[in-house]
Structures are given as structure tokens and as C-alpha cells.
Amino acid sequence: MTSLTIPGLDQAPTTHARLLSWVREVAELTTPDRVVWCDGSQDEWQRLTEQLVEAGTFKRLEKKPNSFYAASDPSDVARVEERTFICSREEKDAGVTNYWMQPDEMKAIMTELYRGCMRGRTMYVIPFCMGPLDADKPKLGVEITDTAYVVVSMHIMTRMGSKVLERLGEDEDFVEALHSVGAPLEPGQQDVPWPCNDTKYITHFPEERKIWSFGSGYGGNALLGKKCFSLRIASAMARDEGWLAEHMLILKLISPEDKVHYVAAAFPSACGKTNLAMLQPTIPGWRVESLGDDIAWMRFGEDGRLYAVNPEAGFFGVAPGTNWKTNPNAMRTIDQGNSLFTNVALTDDGDVWWEEMEGEPQHLTDWKGRDWTPQSDEKAAHPNSRYCTPMSQCPILAPEWDDPNGVPISAILFGGRRKTTIPLVNEAFDWQHGVFMGATLSSEKTAAAAGKVGEVRRDPMAMLPFIGYNVGDYFQHWVNVGKEADSSKLPRIFYVNWFRRDESGKKIVWPGFGENSRVLKWIVERLDGNAAAEDTPIGRVPSADQIDLSGLDTPREDVETALHVDVEEWKAELPLIEEWFASIGDSLPSSMRDEFEALKQRLGA
């Protein structure tokens with residue numbers, strides 16, 4: 001099929017020469033039946049969701065307005081880290097945490113995979129913007145995809161459509177993001193509800209600011225504005241331009257006196273990031289408003305402070321474990337509708353359900369389409385099942401969430417899921433020590449990434465799967481950001497662990513969720529000079545007396561266990577840090593080695 005015969009290709013609502021040329025090149029390679037330029041309108045949403053219902057990909061939910069359920073192919077349920085590549089020109093620029101292939105070699109392989117891969121399908125062109133569209137220099141992208149599921153998800157997760165195309169004008173720069181599920185259809189061939197391919201590649205070309213994804217229709221592999229652009233490509237941009245692109249929530253903490261602090265926090269997947277982002281404090285008079293639950297782009301303002309903006313427009317949250325106790329604000333957000341649910345379970349009356357949601361039904365249809373009862377062996381919802389919902393529906397959304405200038409960050413938190421060793425909260429001695437804390441962040445593996453659940457792995461700044469360049473250079477970039485700033489204006493860095501267990505290893509000693517507001521209160525009191533801490537070998541840690549425990553029904557000894565710094569446990573941690581740093585090799589900054597030696601000295605090791 002020549003380009004002349006592909007309907008829609010020549011009806012482009014733009015005169016942007018590079019965009020037109022790229023779209024034509026992709027269409028000629030992938031040979032779709034038609035090309036559709038997405039405008040982001042409500043009509044487009046209606047049309048595509050109806051198409052997806054007819055195709056069997058979506059089921060319309062009876063109990064949530066304008067909301068839909070999808071079940072993926074059981075082989076396509078999570079990010080595939082072993083099929084995710086950073087194809088920098090030089091292998092050393094990808095570093096030890098990324099898979100690398102020579103860019104031309106990768107392009108040759110993927111070009112053959114893309115050849116004819118959209119046959120029988122529609123090619124959608126999605127202009128999108130990460131972050132507010134009225135920013136001085138917005139970060140623009142265009143995703144080409146062959147699945148309407150991606151288009152409607154991008155409606156929720158990004159600012160997209162005609163307004164972005166206008167902003168692109170005739171020659172504005174943009175990130176090229178090419179996606180195909182890799183499932184061409186022969187004439188008369190019946191489609192499947194969730195097309196995908198056993199061969200998967202999620203590839204990034206950081207110097208060229210390009211993303212090529214093939215074979216997966218799932219979330220982060222297919223919604224290329226999310227991890228691919230906002231973290232992997234953006235982290236490379238941030239290194240070059242002197243800012244930070246991070247896997248962080250942004251929250252606004254308001255004291256009873258209406259004093260405001262903005263906090264950014266980095267946690268690996270399934271460690272409570274979304275719950276903290278939408279926290280409902282249990283201590284009287286304190287309030288939280290949300291600005292984002294997953295990604296923060298931070299750059300210095302004219303006043304020398306670090307300002308954060310959330311590049312996304314929606315929440316793409318892990319469903320299991322989300323309920324009216326753990327995250328009432330997420331439940332209120334999705335209850336308003338206009339949402340997509342993938343790989344959760346379906347109730348008999350046309351609603352969604354997942355593990356730990358209130359009121360377990362006696363019968364469900366599980367994510368694989370089978371009958372499910374409480375006696376069933378398998379879980380009804382996949383552990384990495386997701387809701388995709390507009391941020392604008394969040395009842396505690398901070399009005400500043402859409403401000404292109406961002407909000408000034410007072411504190412940065414790092415945290416992971418550790419049963420031992422790491423105390424409830426720990427303040428860094430200074431910025432460089434805080435970078436060391438982030439660089440050595442560790443967590444037990446979760447379901448969001450394929451692999452063995454439960455093993456402890458290093459997850460620097462919760463960015464292990466998302467750093468778009470060499471991890472050692474990434475640490476150096478963090479150190480440089482601190483060196484080039486006025487240290488009095490830098491955010492203070494803290495490390496938290498909500499998941500410490502008692503000696504039996506069975507009970508999590510800190511109640512978490514809304515009670516985490518007590519830890520946030522201590523943190524902002526530290527910022528304001530109104531709270532004490534004890535200097536320990538690992539940082540500044542409060543005693544139980546220094547945290548507001550009023551009205552908390554957790555035994556004091558449990559709080560003390562949560563805060564305890566066990567020197568012997570920390571000595572056992574040292575070889576693990578040593579091994580991690582050794583794996584990074586020559587690119588590890590000397591400052592990180594210095595911090596490690598200083599920690600050893602303080603521990604008497």
C-alpha cells in the first residue's frame with residue numbers, strides 16, 4: 001500500500017514539516033488501513049470508547065459513569081524491564097542499570113518488526129504535552145499508536161489533541177514516540193480483544209529524544225508519555241539542561257496555622273506513593289492537598305529554590321490495596337467516573353472490585369474472565385491491575401497543580417519497603433549525604449515489575465528502571481545540583497520506611513496510611529526549627545517523644561521499634577551497599593564513596 005492510498009494521511013491538521021514527514025515515513029513502513037489525527041475532544045472519546053466496547057476490549061461499567069473495564073492478554077501485564085533498552089550512542093552512557101544495544105543495530109531489528117505491523121488497523125497520531133501547556137517551553141511529544149486503548153488512556157493521562165498541535169506550530173521541537181502492539185490483521189481475520197506480540201521492545205534513543213515501543217499494549221510500555229518520556233527521556237534532558245526528572249509524588253502539607261510546605265517523595269512501585277500523595281491526615285487541623293502521585297520535574301526558580309511540576313494529568317494507580325481506609329481520596333476520585341480499569345475483577349452488577357476493597361462479593365468475574373468465588377485459589381484482580389483516572393476529579397487537588405511555574409519544594413523524601421534496619425524516618429546531615437541515602441535506597445521487590453517478589457534490591461532514588469543514562473552520572477548530576485545551589489534554599493532530604501516489622505518479622509509496627517501525617521509533621525517542624533532529633537551514625541532520627549503520638553493507639557514500644565537504629569543491622573547492610581557501588585564501577589562519583597566510608601567510620605565498622 002503506498003502512502004497515496006492510506007486514507008487520512010494527507011488530511012493532516014498541521015503544517016509542521018518534521019511532524020508530517022515522520023508520520024508519512026511511519027505510515028509507509030507500517031501500512032495501516034487509515035490514519036487518524038487525534039483532537040482530544042469529547043466526541044473522540046465517545047467514538048473510540050464505543051469502538052472499544054464493540055471490539056470486546058472494553059466493557060462499559062454500570063456503576064461508574066463514563067467508565068470502562070479492560071482485561072489484557074495474560075502475557076502482557078507489567079513493565080518488562082528485560083526488554084527495555086537505553087540505546088545511547090556509547091554503551092558507557094547507558095551504564096550498568098540499563099540494557100543497551102548499538103542504536104543502528106536496534107533500529108534495524110525494530111524497523112523489520114514495524115514493517116507492515118499496522119496492516120488492518122488504524123494508525124492514531126496523538127499530539128501531547130507533558131506538564132502545563134501554557135509553560136514557557138512546554139515539553140511536547142507526538143505518539144503514533146495502532147490501538148485506541150492508548151488514545152483514550154492518553155486523554156486521561158496527558159494534555160493532548162488540537163491545542164497541542166496548535167502549540168507545535170510549524171517547527172516546535174517534540175519527542176517522537178512510536179508504538180505498535182505488533183499484531184497486523186489479514187483481510188477478514190478476526191481481531192482479539194487485547195492484541196499484543198510475544199516479541200517486545202521498549203527502546204529509548206536519549207540523544208535523539210526518540211522512543212520506539214513494540215509488542216505490548218500495557219500501561220508504561222504503551223502510554224509513552226509516562227515512564228518512557230517523563231522519566232527515561234526527560235532524565236537525559238534534565239542532565240543536559242540542569243534540572244531533575246524524578247519518580248516522585250508532590251504533596252502540599254498545610255498546618256493548623258495555614259502554613260504551607262510542599263514535599264516531593266520517591267518510593268519504588270507499591271510502597272505507598274499514591275496513598276501518601278492523597279493522604280488524609282489523622283492529626284487534627286493538618287491537611288494535605290495533592291499535586292501528583294508519580295512524577296516530578298524539578299528546576300530552580302529565579303529565587304534560587306527548587307520548583308516542582310507534575311508532567312501528568314491523570315493517576316495511573318495500582319488498584320489492589322486501594323480502599324476507603326488506605327486511600328479514601330483515590331476512591332472518591334474514581335467514583336466520579338470517566339475512568340479506565342485494567343485487569344481488575346468485575347462484579348455481577350457491572351462494577352469493579354479488587355483485593356482489599358471493602359465488601360468481598362460472593363461471585364465475580366476475575367481478570368482472566370473466569371468465575372471467581374472467595375474459595376478460588378487465585379486472586380480475582382491481577383496484583384498490578386490499574387485504575388486510570390483524571391487528576392481534575394481528585395477532591396483534594398491543590399489549585400497549583402496546573403501552574404507552569406510549579407511549587408517550591410521544602411523537603412524530599414526517599415523511602416522503600418524494608419522489614420528491618422531502616423528506621424521510620426531519618427534526616428540527612430546535608431545534601432550530599434541525602435544523595436547517598438537516595439543512591440542506596442533499597443526495597444523488597446513488588447508485582448509492578450516482572451520478577452521474584454520479596455528479594456531486596458537497590459533502587460536508587462526509586463529510579464532504577466527509569467534512569468535514561470548512566471547511574472553513576474545520574475548520582476553526579478544530583479551532587480552537582482546541590483553544589484550549584486544556595487545550600488540554604490535546597491530542600492532537606494529525609495528517608496522513611498513505613499514497613500519496619502517487629503522481632504517476629506510478622507507484624508508491621510507502624511500503622512502507616514493517615515498516621516504518616518505524624519511523620520510529615522515532625523519533618524516540617526524540623527524545617528521550621530521547631531523539632532529535635534538525635535544524631536545517629538546514619539543521620540538525624542527522632543525519638544518517640546519527638547513525634548506527635550496524641551490519639552495514636554499504637555503501643556509506644558512499637559513506635560520505638562520503628563525508630564530504632566540497630567548498629568549491628570547497619571553493619572550487615574554495609575556489604576550490600578559495597579556490592580551495589582562496586583557494580584556501578586568507575587562512574588560512581590568519589591563523593592558517594594566518601595559518604596560510604598564516613599558511614600562505616602560512624603558505625604565503627
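Along the chain as shown, residues are numbered 1 onward.
Positions of Cβ are set from backbone N, Cα and C atoms, glycine also.
These features come from Swiss-Prot:
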type	residues	note
BINDING	Arg79, Tyr218, Gly219, Gly220, Ser269, Asn384, Ser385, Arg386	substrate binding site
BINDING	Lys227, His247, Asp294	Mn(2+) binding site
BINDING	Ala270, Cys271, Gly272, Lys273, Thr274, Asn275, Arg386, Arg417, Phe513, Gly514, Glu515, Asn516	GTP binding site
ACT_SITE	Cys271	active site
REGION	364-385	region 'Disordered'
COMPBIAS	364-381	compositional bias 'Basic and acidic residues'
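Excluding Lys227, His247, Asp294 themselves, the residues of that chain whose CB lies within 8 A of the CB mean position for the Mn(2+) site are, in sequence, Gly220, Lys226, Ser230, Leu231, Ile295, Phe466. Between the CA atoms of Ser269 (substrate binding site) and Asp294 (Mn(2+) binding site) there is a gap of 9 Å. Cβ neighbours within 10 Å of Arg79 (substrate binding site), excluding its own Cβ and spanning all shown chains: 22. If you measure from the Cα atom of Thr274 (GTP binding site) to that of Lys227 (Mn(2+) binding site), you get 16 Å. Of all Cβ atoms in the shown protein chains, 19 besides its own fall within 10 Å of the Cβ of Glu515 (GTP binding site). Neighbour list (Gly220 (substrate binding site), Cβ cut-off 8 Å, at least 6 residues apart, same chain): Arg79, Lys226, Lys227, Cys228. According to its DSSP assignment, Arg386 (substrate binding site) is in a strand.
The Cα atom of Asn384 (substrate binding site) lies nearest to that of Ala270, taking the binding-site residues His247, Ala270, Gly272, Phe513, Glu515 as the candidates. Other Cβ atoms within 10 Å of the Cβ of Cys271 (active site), summed over all protein chains shown, number 25. Under DSSP, residues within the compositional bias 'Basic and acidic residues' (364-381) fall into helix, strand and coil as 0 helix, 4 strand, 14 coil. Residues Arg79, Tyr218, Gly219, Gly220, Ser269, Asn384, Ser385, Arg386, recorded as binding substrate, reach a greatest CA to CA spacing of 16 Å.
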